[in-house]
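A.B. asks: Let me give you the structure first, and then I'll get to my questions.
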């Protein structure tokens, strides 16, 4: 099957190369010439486990192609995926400008029937807007269908998630049920449950899923803060909860809160969308407020352990990306916390296995280091803000000799407290 993907970010590129791996011919389109030039050479412009190899393989086997020319991408393609960004505006509402621009360009260029599949996360009402744009801009006699196919890829595990989806959601317009059959055929090799529903339901499934995950993070952080006061270990609490099939184990890791380009964005967008329909989503607002409180809680924890006055103190930070397994620092809580510590007068030395170059574009006036030991040299404390597995392999006895004070504040509960304390450190986690 001939397919076009518009947008080569995490979602678009993984989807495009994944579909190529399933045997389809895929043309990926992006307006970023530099990114396309790199992809043509097999160079992925961001870190995602397993994606480099997949791009190189499908380029070599001539199943995936990259171009900046939209017309080249859609000419021979029956199914066109829109996977461009919908970043939040200042008020939290989703910015649909890229989706609207793509819809206008597509409508003008289409020469025949196309199935337009929107993977971008967009609020309810957007599909009516897209249909109006296509109806207004398309050539006479050219027909189309619009489908919602939300993505559920996790950065850092996106390739795995593409080939092992928990479910595939296909949202279709009323009376156009047959169009779903082509997408079912496309996704059949993934052997996942396929849910056919309305476009509005498909959109709400995406928003509700992400917001529920955010709520779990906020919930376990609230429990963690109680655990600190009563002397319990939140990791043991989460483990005990996870055996209940009604609860499961996902997103019950206490820490600094939830960040990244999806959960916060989708939570704010859903709150804004509810307001536009005359409803104040107070519970959703409380999730967002709790997340903000958790960030402040981490800073207060540093002050309590290192000293109320942080001016002139050197805080060594391990981890800058919003989660391990990616170089993405968008909405990274690590950067938020660093900024708050800087405002208190602290000097920051930081290291991340993948995200230093990206962090340099977002934050200044800190020292970026080449490894954890450089971070520790002369520091008053180590603060872990991203749970990279490599941090577990640090030589802590060596680290201790480099620190001014043997203090580790583990914001993501990555380390074994007993092991670290037995090495002579003052250790503080979250809720333990």
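Placed from the backbone N, Cα and C atoms, the Cβ positions cover glycine too.
These figures come from a predicted structure and were not determined experimentally.
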A.B. asks: Among 15, 86, 135, which residue does TrEMBL annotate as binding NAD(+) together with 30, 35, 121, 155, 265, 330?
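C.D. replies: Checking 15, 86, 135 against TrEMBL: the NAD(+) site match is 86.
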A.B. asks: Which one of 304, 313, 323 goes with 152, 153, 154, 155, 206, 251, 252, 253, 254, 255, 259 at the substrate site, as TrEMBL has it?
C.D. replies: 323
A.B. asks: Name the residues of the same chain, 6+ apart in sequence, whose Cβ is under 8 Å from the Cβ of residue 265 (NAD(+) binding site)?
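C.D. replies: The list for residue 265 (NAD(+) binding site) reads 86, 87, 88, 94, 121, 331, given in order along the sequence.
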A.B. asks: What is the Cβ neighbour count of residue 252 (substrate binding site) at a 10 Å cut-off, with all protein chains included?
C.D. replies: 19
A.B. asks: 10 Å Cβ neighbour count around residue 152 (substrate binding site)?
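C.D. replies: Excluding its own Cβ, residue 152 (substrate binding site) sees 17 Cβ atoms within 10 Å.
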A.B. asks: In whole Å, how far does the CA atom of residue 252 (substrate binding site) lie from that of residue 330 (NAD(+) binding site)?
C.D. replies: 22
A.B. asks: Rank aside, I only need the closest one: which of the recorded positions 30, 35, 262, 330 has its C-alpha nearest to that of residue 152 (substrate binding site)?
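C.D. replies: Answer for the nearest of the recorded positions: 262.
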A.B. asks: Looking only at Cβ atoms, how many others are within 10 Å of the one on residue 254 (substrate binding site)?
C.D. replies: 28
A.B. asks: Residue 86 (NAD(+) binding site) has how many other Cβ neighbours within 10 Å of its own Cβ?
C.D. replies: 20
